[in-house]
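The annotation transit peptide is assigned in Swiss-Prot to 1-60. The annotation N-acetylvaline is assigned in Swiss-Prot to VAL61. Residues annotated as Mg(2+) 1 binding site in Swiss-Prot, with similarity to another entry given as evidence: GLU148, ASP165, LEU167. The substrate binding site annotation in Swiss-Prot covers GLU148, LEU167, ASP168, GLY169, THR170, GLY273, ALA274, ALA275, GLU292, ASP299 and rests on similarity to another entry. Annotation source Swiss-Prot lists Mg(2+) 2 binding site at ASP165, ASP168, ASP299.
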Amino acid sequence: MGRSLIFSGNMSLRISHLPRSSLPLQNPISGRTVNRTFRYRCTRILSNSFKSTTRLQTKAVLSEVSDQTRYPRIGAKTTGTISPAHLLEVVELAAKTGAEVVMEAVNKPRNITYKGLSDLVTDTDKASEAAILEVVKKNFSDHLILGEEGGIIGDSSSDYLWCIDPLDGTTNFAHGYPSFAVSVGVLYRGNPAAASVVEFVGGPMCWNTRTFSATAGGGALCNGQKIHVSKTDAVERALLITGFGYEHDDAWSTNMELFKEFTDVSRGVRRLGAAAVDMCHVALGIAESYWEYRLKPWDMAAGVLIVEEAGGAVTRMDGGKFSVFDRSVLVSNGVLHPKLLERIAPATENLKSKGIDFSLWFKPEDYHTEL
């Protein structure tokens with residue numbers, strides 16, 4: 001099963017990304033690092049190509065400067081009795097194990113059932129979650145687990161809560177559309193402590209993956225290399241992402257209006273259909289912001305930490321301090337956060353005035369938090 005999974009080489013998907021990337025070149029088929037002499041020649045060619053440019057406009061940059069200081073941090077202050085390195089090791093292993101199951105199934109016919117009128121679930125969701133659970137239980141048998149398919153499992157008195165989305169973007173997966181992922185995040189006393197998202201890229205017959213990961217206070221990585229949000233400081237130059245839930249209620253209608261509004265004033269708004277992937281794209285610097293109503297803990301637990309550790313900002317859509325147990329999220333590169341809130345927060349407050357509550361809608365009973 002594992003032989004079918006090719007964890008992505010560190011090549012950017014577009015050649016225009018190469019001048020601003022520090023990721024090592026790898027052969028996308030063998031995964032082996034490209035010959036150093038060849039890499040040196042490529043570097044010289046790229047360097048010479050840009051010598052005449054006095055100012056190179058870039059989006060994603062490697063920088064430790066953060067624009068998130070005005071917003072409360074959401075990451076855990078500590079990982080408790082487990083070291084950050086060990087916790088991240090298991091989180092990544094769990095996500096990659098689930099991704100192996102998905103990779104095995106991605107080009108095969110799928111047996112699709114429905115949880116509602118339009119919320120489909122495949123056998124792959126269930127098999128991926130089972131594989132992830134096996135990894136978590138083997139390493140931390142006393143931890144509490146919240147899975148999208150299996151619900152609550154384990155000891156509710158544990159300080160650790162694993163939030164598992166075994167296949168984020170199931171509809172995309174079912175159609176072979178390249179925007180889906182396996183997402184695993186672990187909370188310590190209610191706050192994100194470690195995260196891993198394995199994103200599927202490519203398309204039918206040429207699927208590949210890249211792995212995003214983060215620990216609280218440890219930075220964000222893509223395929224082991226540090227990443228950072230963009231520095232775009234104007235909405236007019238920003239690429240934005242949102243999502244729509246299955247309930248066509250007032251929140252859905254309000255977000256449709258926000259979608260139209262931001263389409264008029266930004267570079268564009270995308271609706272890709274996988275929350276974890278959307279947030280990782282903000283962390284990578286290829287989009288500036290993502291927002292959505294009606295999300296659940298397993299949708300957000302991994303992605304929000306990766307964004308924050310990449311230098312971004314995370315709040316509720318009304319601007320309040322975010323919790324994984326809330327029902328709305330706005331993530332951004334930090335620079336644009338106040339400008340986005342100027343438009344989004346009033347719409348959210350209007351929904352709240354109608355009795356729609358987006359805060360702390362779901363938390364496992366008896367699970368201790370520091371929120």
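Positions of Cβ are set from backbone N, Cα and C atoms, glycine also.
Keep in mind that what you see is a predicted model, and the values were worked out from it rather than measured.
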All-chain count of other Cβ atoms within 10 Å of GLU292 (substrate binding site): 24
Inter-residue C-alpha distance, ALA274 (substrate binding site) and ASP299 (Mg(2+) 2 binding site) (nearest angstrom): 8
Sequence-distant neighbours of GLU148 (Mg(2+) 1 binding site) in its chain (C-beta under 8 A, six or more apart): ASP125, GLU129, ILE164, ASP165, PRO166, LYS296, TRP298
Three-state secondary structure, ALA274 (substrate binding site) (per DSSP): coil
Fewest-neighbour residue among binding-site residues, criterion Cβ within 10 Å, set ASP165, ASP299: ASP299
Listed in sequence order, residues with CB under 8 A of ASP168 (substrate binding site) and six or more positions away: PHE180, ALA181, VAL182, SER183, VAL197, ALA274, ALA275, ALA276, VAL277, ASP299
CB-centroid shell, 8 A cutoff, Mg(2+) 1 site GLU148, ASP165, LEU167, site residues removed: ASP125, SER128, GLU129, GLY147, GLU149, ILE164, PRO166, ASP168, THR170, VAL182, SER183, TRP298
For LEU167 (Mg(2+) 1 binding site), the number of other Cβ atoms found within 10 Å of its own Cβ: 29
Assigned conformation of LEU167 (Mg(2+) 1 binding site) - DSSP reduced to three states: strand
Taking residues GLU148, LEU167, ASP168, GLY169, THR170, GLY273, ALA274, ALA275, GLU292, ASP299, which bind substrate in the record, the widest Cα spacing (Å, whole number): 18
LEU167 (Mg(2+) 1 binding site) versus GLU292 (substrate binding site) - Cα distance in angstrom: 18
C-beta crowding around THR170 (substrate binding site), within 10 angstroms: 23
For ALA274 (substrate binding site), the number of other Cβ atoms found within 10 Å of its own Cβ: 30
Other same-chain residues whose Cβ falls within 8 Å of the Cβ centroid of ASP165, ASP168, ASP299, the recorded Mg(2+) 2 site, in sequence order: GLU148, GLY169, ALA181, SER183, ALA274, ALA275, ALA276, LYS296, TRP298, MET300, ALA302
